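**Q** Handing you a structure now.
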Amino acid sequence: MSALVLRTVAETTAWVDSLRRSGRRLALVPTMGYLHEGHQSLIREGRRRADVVAASIFVNPTQFGPNEDLSRYPRDFEGDLAKCTSAGAEAVFAPAPEEMYPPGFQTHVEVGKVSQGLCGARRPGHFQGVATVVTKLLGLFKPQVALFGEKDYQQLQVIRALVRDLNLGVEIVGMPTVREPDGLALSSRNAYLSTEERRRALALSRGMAAAQALYERGTRDTASLVDAARRELAAVDLREDYVEVVDATSLTSLSSVTPGQPARILVAAFAGKTRLIDNQPIGG
Ligand code: AMP
C-alpha cells in the first residue's frame with residue numbers, strides 16, 4: 001500500500017496526534033524530493049530507530065538564493081512516493097509553498113557561527129531558510145528522531161546546533177553519504193549533469209582522496225592538503241567554490257590536522273552551472 005500523502009498542516013497535525021495517542025515512536029526524514037538511494041537509506045534507518053517514519057518532500061523556496069535553481073529543481077512526486085513507500089515510510093508530507101509560508105509569515109531561525117562559513121558564506125540566507133523550515137517540520141511532527149545525511153555536512157551541524165540551542169528534544173541522526181560505485185556522491189542535482197560534466201564531477205571525491213593520501217604520507221598542514229584537492233578540480237576545469245579543512249564539529253578552519261582531533265575536508269565546485277558539494281573525514 002502506498003504511503004499516506006499529507007498536504008496540509010491540519011491533516012498532518014491530526015495524523016501526528018493519533019500516532020502520539022497510540023504511543024508509537026516517530027522518525028522524520030526531511031527532503032526536497034527527487035529521491036535517490038541516499039534519501040532511502042535515511043528512511044530505512046528511521047524504520048530501525050522508530051515504529052513509524054514520515055518523510056517530507058518540500059522544495060523550500062526560502063533556502064534558495066535569487067540566482068539559484070529553485071524554478072528548475074527536479075521534481076517527480078509519483079516516483080518519490082513509490083520510493084518512500086518501498087523504503088518503509090508510512091506518510092509523506094508534501095505541502096504547497098503557501099501552506100508552509102502563508103500570508104503574514106514573519107518568523108525566521110538564525111543559527112550563529114556554524115552556519116556562517118563554507119556554504120553559508122557563499123549562499124547568503126541559505127541556512128536561515130534551512131533552519132526555519134526544519135524548525136517548522138520538527139514542531140509539526142514532534143518526532144522522537146530525525147535523520148539527515150552527512151552529504152550536507154554543514155547543514156547537519158547547523159541542525160544539531162539548532163536542536164541543542166532551542167531544546168527541541170529530538171534525537172538528530174547523521175547518516176553516511178551514499179555514493180555511486182565510482183565515488184560520486186548521490187545528489188538530486190546530479191540530474192543536471194551532462195555525460196561529460198558527470199565524468200568531471202568525480203574530481204570532488206578524487207580530490208578529497210588525494211588530500212587524505214597526502215595526510216597518510218605524513219603531511220599535516222591543511223594548506224598542502226587543500227592544494228592536493230584543488231589540483232584535481234583544476235585538472236578537469238571544475239570551478240572551485242571552496243575547499244577547506246575544518247574541525248569536524250565547530251567547522252572552524254584548521255591550520256593543521258592533528259591526530260585525535262576529528263577533521264573534515266569540505267569541497268564545493270561548479271560543473272558547468274551545477275554546484276556540487278562533498279565532504280569526508282580527513283586524518284586518522
Ligand atoms: P535533499 O533532498 O537534497 O534536501 O536531501 C534530503 C536529505 O537527504 C538531507 O538530510 C541530505 O543530507 C540527505 N542526502 C542527500 N544526498 C545524500 C547522500 N548521497 N547520502 C546520504 N544522504 C543524503
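Quick reminder: no glycine exception, Cβ is built from N, Cα and C everywhere.
What TrEMBL shows for this protein is this:
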ACT_SITE  H39  active site, proton donor
BINDING   32-39, 149-152, V178, 186-189  ATP binding site
BINDING   Q63  beta-alanine binding site
BINDING   Q63, Q155  (R)-pantoate binding site
**Q** Relative to the Cα of V178 (ATP binding site), which of the recorded positions H39, Q63, Q155 has the closest Cα?
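**A** Ranked by Cα distance from V178 (ATP binding site), first place goes to H39.
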**Q** Return one of helix, strand or coil for H39 (active site, proton donor), based on DSSP.
**A** helix
**Q** Identify which of the following binding-site residues, namely M32, L35, Q63, place a Cβ less than 6 Å away from any atom of ligand 1, and list them by sequence position.
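**A** The qualifying binding-site residues are M32.
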**Q** Specify the count of other C-beta atoms within 10 Å of the C-beta of L35 (ATP binding site).
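**A** Other Cβ atoms found within 10 Å: 24.
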**Q** Tell me the Cβ contacts of Q155 ((R)-pantoate binding site) under 8 Å, same chain only and six or more apart in sequence, or just say none.
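**A** When sequence neighbours closer than 6 are ignored, Q155 ((R)-pantoate binding site) has C119, F127, V130, F148 within Cβ distance under 8 Å.
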**Q** Using Cα coordinates, what distance in whole Å links G38 (ATP binding site) and the residue listed as 'beta-alanine binding site'?
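**A** Roughly 20 Å, rounded to the nearest whole number.
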**Q** Rounded to an integer, what is the Cα-Cα distance in Å between L35 (ATP binding site) and Q63 (beta-alanine binding site)?
**A** 18
**Q** Among the recorded positions listed here, H39, E150, whose Cβ has the fewest other Cβ atoms inside 10 Å?
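**A** Counting other Cβ atoms within 10 Å of each of the recorded positions H39, E150, the minimum falls on E150.
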**Q** Roughly how many Å lie between the Cα atoms of H39 (active site, proton donor) and the residue listed as 'beta-alanine binding site', rounded to a whole value?
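**A** About 19 Å separate the Cα atoms of these two residues.
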**Q** Near S188 (ATP binding site), which residues of its own chain have a C-beta under 8 A away, given they sit six or more steps off in sequence?
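**A** Listed in sequence order: M32, G33, Y34, L35, H36, Y73, P74.
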